[in-house]
Structures are given as structure tokens and as C-alpha cells.
Amino acid sequence: MSLQYGAEETPLAGSYGAADSFPKDFGYGVEEEEEEAAAGGGGGAGAGGGCGPGGADSSKPRILLMGLRRSGKSSIQKVVFHKMSPNETLFLESTNKIYKDDISNSSFVNFQIWDFPGQMDFFDPTFDYEMIFRGTGALIYVIDAQDDYMEALTRLHITVSKAYKVNPDMNFEVFIHKVDGLSDDHKIETQRDIHQRANDDLADAGLEKLHLSFYLTSIYDHSIFEAFSKVVQKLIPQLPTLENLLNIFISNSGIEKAFLFDVVSKIYIATDSSPVDMQSYELCCDMIDVVIDVSCIYGLKEDGSGSAYDKESMAIIKLNNTTVLYLKEVTKFLALVCILREESFERKGLIDYNFHCFRKAIHEVFEVGVTSHRSCSHQTSAPSLKALAHNGTPRNAI
């Protein structure tokens, strides 16, 4: 395996000019406690994208983490967004208040996560659930697959029924969690049983239009990142544009698979239209870890200043099966990770030129670094990849 670093081409006009990308702790920041259940964090439109980091909290879609006590809600939040080791989550205390976590370090992975205590009483007159649900983009209900889930299914039905009546545009996601201790057959049977019972309860209540999405998850593998990627993608209005840009890029560059990663959380916010192979996704996640770890050792200055990931970040890893992993910085918190064959990588000049066009298009979509305050009602037009090269020949349009 070889690891190479190279200097990025001339920075794009309008690109961010900060010397450092990530803070030294390389994370999203300190968790904020929500002191009152019905206070603060007002609601933007259900599945709409948030404004830039400088925008008001009310502009950001919310993701609610709900479920019974000890189902793993806080562990999921800590592992995905705060880089906590899964083994350390064993020492987390049970949540007894609503905690709000502001995820706003990039131009579009920009939302709030509200972690709810296990026994939330919707009939408590002091709990304004209508206000909370009205400003929510997605509700994630976590079910412990290793425990008796009948009570969890009852609470799931009560929760999604009330939420749907307040905000029918909300996305409803069910994490069948802690499946690492189950056999493959048991996982499939548990998912089938929970899926059947939950949808039967909704049908009996006349809520056939309410759609639940189910995911098998564990914090001890990449399944929780894969599931959260799917949840976050539904909150990104620019997702079709991103997928289209990735499809154009890989088809003109001889690349087999490409992911657009949020580097901090390792959530992929977009990929091309080909099916996602879990092994490929895990390989790309591991590459990000390797690049950041090596950069932290060799890329920082003697006084510890600098950043492990910045506008010059680029890495190539060649595997012994003729597969090449190629990572390039796209924006301040985004990286493009590609999987391709060694023979395709011989045309690196073509790939780099097409990547430059792709990167410029991404900057145009999100206007990264142009302004920190953008009205949420403003809709940025999606650019096309002009002058993209195919087989080494530039052309005016695609």
C-alpha cells in the first residue's frame, strides 16, 4: 500500500481562504443542553436545507432521536458526531433531559439533533410536542433489537401518530439497533417482525400514508454511519444535483464508485447512482481515518497548529488487488473519495481536470465561503459541468 500527498491546483475563485479548516479538536463543537423541552430552536420547513453556519437556529431542520431508555440514542449521537469510541459509550449516563446538538460546520450538513429522554410523556401539559414536531425534518426512533421490543413498538406507534398529525411532511426512520449481537438470520427475522407489526398498527389506525423506513444498525460497525447517511440525504434539497454531478464525473473519468463525504462524521451526503456496496463504503471510511491520522502526525506544525484536513488535502492509496482509492478535498468539510482500477488511474491528468470541473460545480451549488449569512428562501441554481473532458478532449458542454 502506498500513500501519497500532492498539492492542490490553484484555489478556486470564491473558495474559502482560511489557513486552517478544522479546529484542533477536529469535531463539531461542544454539545448544548436544551434547558426546556418546548424552548428554542424553532422550526424551518420540514425537509428543507438549512442556511449557512451563521444563520438562525430556526432555519435548520431538526432530527429527533427518540426511543425507550437504554436503547442507544445518546451512544449513536456521540459515535457519529463526536467521534466517541463505541466502547466508551458503556459509561454514558441515561438522558433525563432534552439535549440539543448543533451540527452546523458545513454548508449543508447543517441541522440540529435533539436527544430525548426515554420515557417522554406526550400527555404532559407542559410538553409542547406540537411546536417540536412542527419544525422537525426527520424523526429517528431507536429500538433495541436485543430486548423485548413490544413496548417499544407501542411507543413508536404513539410517537409517529402524533408527529404525523402535526407534520405529515416529516421523514420517519426506525433504527433497529444493537444488531451486532445477533446472527444474520436473527437480524432478518427481527427486521421483518418489527416491520410487519409497526405497519399493521398504522393500518389499523388508518395511517396507511405514513411511511416508515427501517435500518439495521450498530455502533460497532459502519452500519450506523450508513443509516445516518440515508437520513441526512433526505434533508438535502440539492441531492439530485449532487448525484447527477457525480454520475457525470465518474462516467467521464473511468471511476467505478464515488462518495461525497462529510469528513468529520464520515456520513456520505451523496454518491453516484450505482448501488452502494457496504464493503466499498467501509473501505472509503477507513481511508478517511488513515488520511486524517497520518496528517495529524506529519501534517501539523511543531507547535501543533495547522489542520489535518485543508484545501491541499489529497491522498492516493494503491491496494494489492489493482484497486486505487483516491481522495481529494472538495470544500472545507467535504471530501470526494473514489474507487477505480489501476489502469484507469493511468489517466490521472484527465481525472484531475474533471475533478477540477466537478469541484467548481460543487462550489457553485453551495456558494462555499462566499457568504456566511444566506436567506433560507434563496434557492441557488444548479450549475452544469461545462468543459468537462471526455477521453482527454475538452468540450464546451455536456
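Every residue, even glycine, has its Cβ placed from backbone N, Cα and C.
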Next item on the list: When you get a sec, could you say which of 1-56, 169-224 is annotated region 'Disordered' by Swiss-Prot?
Entry: 1-56
Notebook entry, point to check: Which of the listed residues, THR95, THR126, THR323, has Swiss-Prot annotated as phosphothreonine?
Noted result: THR95
Item checked: Spatial separation of HIS177 (GDP binding site) from LYS73 (GTP binding site) - C-alpha basis, Å -> 9
Notebook entry, point to check: Using Cα coordinates, what distance in whole Å links GLY72 (GDP binding site) and THR89 (GTP binding site)?
Noted result: 9
Notebook entry, point to check: Widest Cα span across the GTP binders LYS73, THR89, THR95, ASP180, in Å?
Noted result: 23
